[in-house]
Amino acid sequence: MSKQRVLSGIQPSGKLTLGNYIGAMINYVALQHEHDCYYMIVDLHAITVPQEPAALREQSEAVAALFVAVGLDPAKAAIFLQSHVRAHAELGWIMTTLSYMGELERMTQFKDKAAGKDAVGAGLFTYPALMAADILLYKTKLVPVGEDQKQHLELTRDLAGRFNHRFGETLVVPEPFIPKVGARIMSLDDATKKMSKSNPNPGSYIALLDSPDDIRKKISRAKTDLGREIVFDPAEKPEISNLMSIFSQCTGKSLDEIQKDYEGQGYGTFKKDVAEAVVSVLEPIQRKYADIRASGEIHRILKDGAERASAVAETTVREVKEAMGFVLPARD
Ligand code: TYM
């Protein structure tokens with residue numbers, strides 16, 4: 001594959017989970033070696049639901065440190081906060097004006113988040129237009145994400161096409177880059193729901209900063225299907241299939257290999273091995289995370305990342321505004 005522009009983002013709203021890591025971050029790290037990568041902490045997206053200021057600040061820095069801890073190299077990939085690059089808010093507004101109410105109403109993530117609430121913020125509704133702007137600003141080709149973001153990516157593709165059709169070829173139509181195994185890591189207590197940091201039961205998810213003992217406990221208590229065979233069959237055996245996906249991504253073993261290795265062995269042995277595999281992936285990440293937080297280096301990394309990102313994003317916004325007929329400010 002030739003060198004491509006890559007962009008993705010994670011919300012700083014609560015602890016990151018093993019789902020974020022397997023569905024998205026493993027690919028962030030893999031892509032940085034060959035491609036031109038931009039990874040951001042989407043703080044402007046986080047405020048589409050109420051955030052406590054101190055918590056937003058802490059979590060934004062924590063996610064930035066986790067980006068480095070999982071193996072992103074700030075010399076290769078630009079790591080930055082969305083709010084540091086003003087072009088996001090600017091193109092976000094432009095994309096909002098290009099979006100139709102009907103297409104935003106169809107977004108399943110909006111429907112899920114708005115369900116049962118009396119007051120739903122307008123920002124939650126227009127969120128996918130801001131996400132489209134995030135991607136289109138960088139003329140992004142590949143967007144590493146988990147399965148749940150696919151529909152937002154489709155909308156982004158539609159908006160890019162609509163813009164180009166109306167105003168001339170300006171934006172690049174992006175593609176989702178979704179892992180073959182682990183695109184949707186499920187909750188440990190209910191394999192019909194995706195693993196999520198917003199689940200009120202902490203036993204349902206593994207946070208990247210959970211202690212090894214907590215990880216062992218959570219996996220040993222994870223719900224399992226009837227029977228005792230370790231076979232990958234998401235329809236009939238969703239819980240064990242979920243643990244197999246986790247194990248596969250933490251060890252590099254294929255699902256077939258795992259199935260063969262555990263033939264005739266029960267869930268107990270398998271769960272112990274899954275727990276140890278997760279611990280051995282997360283322990284070094286946690287050590288590195290502690291070092292980065294202690295070093296205070298994260299502010300410099302974010303400043304440098306925002307400068308690199310702004311240079312690209314500002315150019316695109318200028319092109320977009322020019323194509324649309326805005327009078328551009330004179331350059332000195
Ligand atoms: P967010 O913060 O909910 O999740 C970040 C990334 O983690 C993936 N993910 C999962 N993958 C597999 N299994 C799971 N259980 C799981 N949970 C989360 C998500 O698919 C995502 O890739 N709207 C985005 C943030 C965003 C963005 C962007 C992403 C804003 N602008 C531009 C890409 C490009 C979101 O809320 O992700």
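Just so you know, glycine gets a Cβ as well, placed from its N, Cα and C.
Please treat TrEMBL annotations as automatic predictions, because they have not gone through curation.
Over in TrEMBL, the protein carries these features:
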type	residues	note
BINDING	Q11, P12, S13, G19, N20, G146, E147, D148, I185, K194, M195, S196, K197, S198	ATP binding site
MOTIF	12-20	motif ''HIGH' region'
BINDING	D134	L-tryptophan binding site
MOTIF	194-198	motif ''KMSKS' region'
Model confidence over the motif ''HIGH' region' (12-20) (mean pLDDT, whole number): 93
Other C-beta atoms within 10 angstroms of the C-beta of D134 (L-tryptophan binding site) total 28
Sequence-distant neighbours of N20 (ATP binding site) in its chain (C-beta under 8 A, six or more apart): I10, G146, K197, L208
For the motif ''KMSKS' region' (194-198), give the DSSP counts of helix residues, strand residues and coil residues. 0 helix, 1 strand, 4 coil
Do any residues, 6 or more residues outside the motif ''HIGH' region' (12-20), come within under 8 Å Cβ-to-Cβ of it, and if so which ones? 41-43, 46, 49, 51, 56, 59-60, 62-63, 66, 146, 184-185, 194-198, 205-209, 246, 278, 282
Max pairwise CA distance, angstrom, over record-listed ATP binders Q11, P12, S13, G19, N20, G146, E147, D148, I185, K194, M195, S196, K197, S198: 19
Which of the binding-site residues S13, D134, I185, M195 have a Cβ less than 6 Å from any atom of ligand 1? D134, I185, M195
If you count other Cβ atoms within 10 Å of each one's Cβ, which of the binding-site residues I185, M195 has the most? I185
Grouping DSSP H, G, I as helix and E, B as strand, the residues of the motif ''HIGH' region' (12-20) number 3 helix, 1 strand, 5 coil
Tertiary neighbours of Q11 (ATP binding site) (same chain, Cβ under 8 Å, six or more apart): I41, V42, H45, A46
